[in-house]
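Written below as structure tokens is the structure these notes are about.
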Amino acid sequence: MTSNILLLLHPTVVTDQHIVENIKLKISNTHKDFHLSQTTIDRLTQGSIEFDNNSFDEIIYINPNEEQYREIPNSLMKLIFDLLKLNGKFTGDLPTDQNLDVLMNGFLIINQNEWNKPQPEETVVTLKKKSTTTNNNSNTSTIKKSFPMFKKLNNDNASTPGLTDSSAGTSEDETATVSNKRKLVESKLVYFSDDDDDDDYDGSSDGEDLINENDLIAESNKYKIIVPKKCELPNGKKRKKACKDCTCGLKELEEEEIKSQGKLQDTVLANMAQSATIEAIKIEERMKKNKIKFTEEDLSEIDFTVAGKTGGCGSCSLGDAFRCDGCPFLGLPPFKPGEVVRID
């Protein structure tokens, strides 16, 4: 049977021209009847070349890089899984630090250089046994399991607890529980009890056993409600700053005001920075347009002793009070143009 084999090449294979030739030679020695295809990772992932799913018995990955640089993306791993047939193999230069991704994509790790696409196992569903029927004289009867019957407690027998088994006696704990329930009913606190047992209440009790909610509200009005004091001074003026334990809401108002001021300042600074950037760009553009060009006469050395020749500031011969910081005549007395000045 012909085996379909795919050579999946990493782009760095071009660094060694003998790698692919050696792999093909090994394949020809180990396989008698095979059909070999070859492509690169980038062409496969970009869709430049397409293969049918479940079309390859083996995919060989060639990556000459070191182990820490052999990572395979999940998208490529899933694509390789789809191209392999059932029980197909993915071999070659595989990464060793992606075991979780390999298992999540459906592969089984056989060894360090081989992953396998397993064949799914058939699931076995256990069917429920149907109810048996007996036929007697064309009369069909279905055998059904009977459930135990329980006796419901009546209001007349509320003083004694109802038992499902007449042979069981009444324990001390059950007696105490029944007496506590009876006390709750007498004190009209059943409405507030969190007992989920509906045996004692079957919906037939009168409304007198329940407490009216309006009565509870009326009773709560008797208690004095604590109202927080306003942050006001004795003279009637309002406080400029909230107290340490403020409860009137002034502290929250101050915090909101501080936040609004901060946002306003951030907006102003951002606008200023933006305008400064725009102005700097305009200045730079103007400087590029107005280029300063010096002639040969401007670039030649200036002799301050010759009449008509002056420095850039034109004040070198007037004295130190008029000379620049880097003037070579600093410290010398004033001189006239044409006068010989020597600097020792």
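Every residue gets a Cβ built from N, Cα and C, even glycine.
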According to Swiss-Prot, which stretch among 61-64, 69-72, 245-248, 313-316 corresponds to the feature motif 'Cx2C motif 1'?
313-316
Given the ranges 231-248, 285-302, which one is assigned the annotation region 'Fe-S binding site A' in Swiss-Prot?
231-248
Using Swiss-Prot as the reference, determine which range in 276-279, 320-323, 324-327 is annotated motif 'Cx2C motif 2'.
324-327
So of CYS248, CYS316, which of the binding-site residues has the fewest other Cβ atoms within 10 Å around its own Cβ?
CYS248
Quick one: average pLDDT across the region 'Fe-S binding site B' (313-327), no decimals.
77
Using DSSP, break the region 'Fe-S binding site B' (313-327) down into helix, strand and coil residues and give each count.
3 helix, 0 strand, 12 coil
Could you check which of the binding-site residues CYS316, CYS324, CYS327 is the closest Cα neighbour of CYS243 ([2Fe-2S] cluster binding site)?
CYS324
